[in-house]
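Novice: One structure, pasted below without further comment.
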Amino acid sequence: MIQTITQKFTGSRSTLRAAEHRFIVIALVPTILFYLIVKFYPIFFAFFISMHEWSLFGNVSPFVGLDNYVLLAKDSLFYKVMWNTMYRTFAGTFLGAFCSLIVALILNPIKRGSILLRLIYFLPVMTSVIASATIWKWMLQTRFGLLNQLLSFVGIQPVPWLQSTTWAMPSIIVMGIWGGIGFTVIIYLAGLKGIPKDYYEAAEIDGASSIQLALKITLPLLKPVVSFVLITGVIGGFSGGFQAIYMMTGGGPLDSTRVLALHIYDYAFQRMFMGQASSMSFVLFAIVLILTLVQFKLQRVDWEL
């Protein structure tokens with residue numbers, strides 16, 4: 001009798017477990033379908049288009065194999081675009097991370113009015129890119145821009161910020177740092193709040209200075225946060241920048257601000273070379289994928305340490 005009851009109990013548990021498994025599978029189906037349709041299908045379809053001389057007008061698209069990738073490898077403009085993209089990405093990410101860290105270190109000890117100060121720094125993040133780009137384009141105008149008007153008061157000649165191949169990209173980078181500094185500051189502040197105060201108190205008892213506290217305690221313990229900020233910034237830099245650059249310079253002058261996202265748009269919807277645009281998109285996808293894997297690896301190492 002006891003054996004019979006045990007068998008029934010075991011059977012009911014296995015039935016319940018099977019029902020739970022079926023429920024989990026059914027619950028996951030919409031999410032899996034969403035990712036397959038919205039995430040993975042465009043990736044595979046972009047690779048498919050990159051293998052064809054694709055047309056948006058429904059014409060027959062002959063298979064060309066790797067010809068579009070060969071054209072990229074031979075295109076000098078593509079290398080210039082990649083250089084512009086890397087220049088904007090790495091300069092903007094590292095300078096932005098440094099400036100954000102300085103601001104976070106200044107804001108962290110402040111108690112009174114700290115919420116208002118954080119809101120002020122976060123306002124550029126809440127402002128649309130189109131509005132921000134329009135404001136910055138007006139500020140950087142050669143003749144009537146606010147910045148050149150201020151420079152004229154100290155006897156400096158107007159600088160063609162957006163019309164010069166020397167100053168156009170730095171201007172774009174500064175605008176990008178201004179637009180993203182608030183978000184990065186919030187991340188740094190969250191990391192700073194997670195550092196135990198006991199470490200600082202013990203170091204101060206031992207006679208450590210403010211600089212020593214920052215170098216020996218703050219920065220080492222912020223290493224995972226800094227790694228996260230840098231890697232996500234680089235990923236966003238490679239895949240972003242289209243709206244601001246399109247509004248402010250259109251990729252000029254002389255393609256000095258043309259980045260990969262703008263280049264893909266130009267080939268796809270201006271020149272109608274969908275095959276080459278898709279091949280560039282797949283190159284961009286490969287770069288972002290590699291950087292994402294590097295981020296996961298670095299974060300795992302940081303947390304293990």
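Backbone N, Cα and C atoms are what each Cβ position is placed from, and that goes for glycine too.
Straight out of TrEMBL:
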{"type": "TRANSMEM", "residues": "23-49", "note": "transmembrane segment"}
{"type": "DOMAIN", "residues": "82-295", "note": "domain 'ABC transmembrane type-1'"}
{"type": "TRANSMEM", "residues": "86-107", "note": "transmembrane segment"}
{"type": "TRANSMEM", "residues": "119-139", "note": "transmembrane segment"}
{"type": "TRANSMEM", "residues": "167-190", "note": "transmembrane segment"}
{"type": "TRANSMEM", "residues": "225-248", "note": "transmembrane segment"}
{"type": "TRANSMEM", "residues": "268-294", "note": "transmembrane segment"}
Novice: Restricting to the same chain and to residues at least six past its boundaries, which positions have a Cβ under 8 Å from a Cβ of the transmembrane segment (167-190)?
Specialist: 84, 87-88, 91-92, 95-97, 99-101, 103-105, 107-108, 118, 121-125, 127, 129, 132-133, 136, 140, 159-161, 222, 225, 228-229, 233, 241, 244-245, 248-249, 252-253, 256-257
Novice: Are there residues at least 6 beyond the ends of the transmembrane segment (86-107) whose Cβ is under 8 Å from a Cβ of it, and what are they?
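Specialist: Apart from its flanks, the transmembrane segment (86-107) reaches 114, 117-118, 121, 169, 172-173, 176-177, 180-181, 184-185, 187-189, 192, 214, 218, 222, 226, 229-230, 233-234, 237-238, 241, 257, 259.
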